[in-house]
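Asks: Okay, here's the structure, questions in a sec.
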Amino acid sequence: KKPLSSGLTAMEKKLAEYKCNTNEAIQLKLVRFPEDLEDDNTTFNPEYSHQVFGDDEVAFGYKGLKILLYYIAGNLSTLFRIEYTSKVNEKFDCVEADDVESKIREIIPPGFCTNTDDFVSLLEKEVNFKPFGMLLHTYSVHEEAGEDITYQIYKADMTCPGFREYHERLQTFLMWFIETASFIDVDDERWNYFLVFEKYNKDGATLFATVGYMTVYNYYVYPDKTRPRVSQMLILPPFQGEGHGAQLLETVHRYYMSSPTVLDITAEDPSENYVKLRDFVLVKLCQDLLCFSPVKLMQGFSQEMVTEAQQKLKINKQHTRRVYEILRLRATNMGDAEQSRSYRLDVKRRLIGPYKKKQRELAKMRRCLRPEEMTNQLNQIDLNLQREQLEESFQQLVSDYRRVLERLAQA
């Protein structure tokens, strides 16, 4: 055995130079004009690549590795190329470079370009690309440059010509921006697809660029209802932070609101960011309902709120409760000792539910295991810890709620 202090061998040092971080190596682009290809400002990188390259997010065997995945902005025709300055070879200590190409080929559909000229000639046909499906909503965003940019949201399905292939290209972005992404079974007709596009001008023509999308699965609820569940939602990085997620979610809610067979809308395993977005959208939708008037908010959470939010806006009970807490915070003078105490107790009573359940289960277990006095002492320790955790949860929640209210005030 060699002593540990000898550090890295020359060989290991040399091999370490052939490791590349795949989040940096992968370069993504949404291309509108040929000059975008050379413009570093249009490049963006993945947030995650572990689903393709393993938990270390490393590709071994290359120096200066670049994995180029360029997409035409509208129909997402793809250019895929791998570039590097040097690569390990077989003679070099019998190590083999990772097969980067086949890993990428597993997630991108066939039919991509491998050279720039082919890609640029496809770019000229982009003027023929039109959004799929039915137009649901048009809105505009005021840009810093002083112009208004128009966006549109469409609902599509697999019967739209060309949509199946387009969706295959679109869903590859999930791998890079959603931590636990998976591709969906598009042959299941219960999926709905909602797409956001930007309208832009090129040589006097109006073209469309892909901004983001959402997939929703319609679960059946006995006897004659459905419960749509948001599965995936992605706004592409060049468009993030401009309010498109809120527009999309609100449009989807409004689409289902008009359907008498829809019970309410849920989400599958939502991320923290999605919860913040949903809080904002649902509070915006609910704030004008009569059941959320300041007087009623101060009387506490009620069945009337649950019923009205579900019937009119397709919001489920759990989300309605959060909406109530956020709107009640807005109506509460937290500087007033009595009002703030009442608010704190009301929220903590909801937060303590899961603790109490756990407490009952623990008590049951301990009765079988330990003498009585031991249980009491432990319960006491638990209670103090529980109070601390509860207070922490409450403070965190209030700060999240305040951010929602700030955003609402600016909307």
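Placement of Cβ uses the backbone N, Cα and C atoms for every residue, glycine included.
Keep in mind that what you see is a predicted model, and the values were worked out from it rather than measured.
Copied straight from TrEMBL:
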type	residues	note
DOMAIN	18-179	domain 'Histone acetyl transferase HAT1 N-terminal'
SITE	Trp191	site 'Interaction with histone H4 N-terminus'
ACT_SITE	Glu268	active site, proton donor/acceptor
DOMAIN	278-329	domain 'Histone acetyltransferase type B catalytic subunit C-terminal'
Asks: Suppose we draw a 10 Å sphere around the Cβ of Trp191 (site 'Interaction with histone H4 N-terminus'). How many other Cβ atoms does it contain, all chains included?
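Replies: Neighbour count, Cβ to Cβ under the 10 Å cut-off: 17.
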Asks: In whole Å, how far does the CA atom of the residue listed as 'active site, proton donor/acceptor' lie from that of Trp191 (site 'Interaction with histone H4 N-terminus')?
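Replies: Pair distance, Cα basis, whole Å: 14 Å.
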Asks: Within 10 angstroms of the C-beta of the residue listed as 'active site, proton donor/acceptor', what count of other C-beta atoms is obtained when all protein chains are considered?
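Replies: Its Cβ shell of radius 10 Å holds 11 other Cβ atoms.
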Asks: Is it possible to list how many residues within the domain 'Histone acetyltransferase type B catalytic subunit C-terminal' (278-329) are helical, extended or coil according to DSSP?
Replies: 41 helix, 1 strand, 10 coil
Asks: What mean pLDDT does the predicted model reach across the domain 'Histone acetyltransferase type B catalytic subunit C-terminal' (278-329)?
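Replies: Value for the domain 'Histone acetyltransferase type B catalytic subunit C-terminal' (278-329), mean pLDDT as a whole number: 96.
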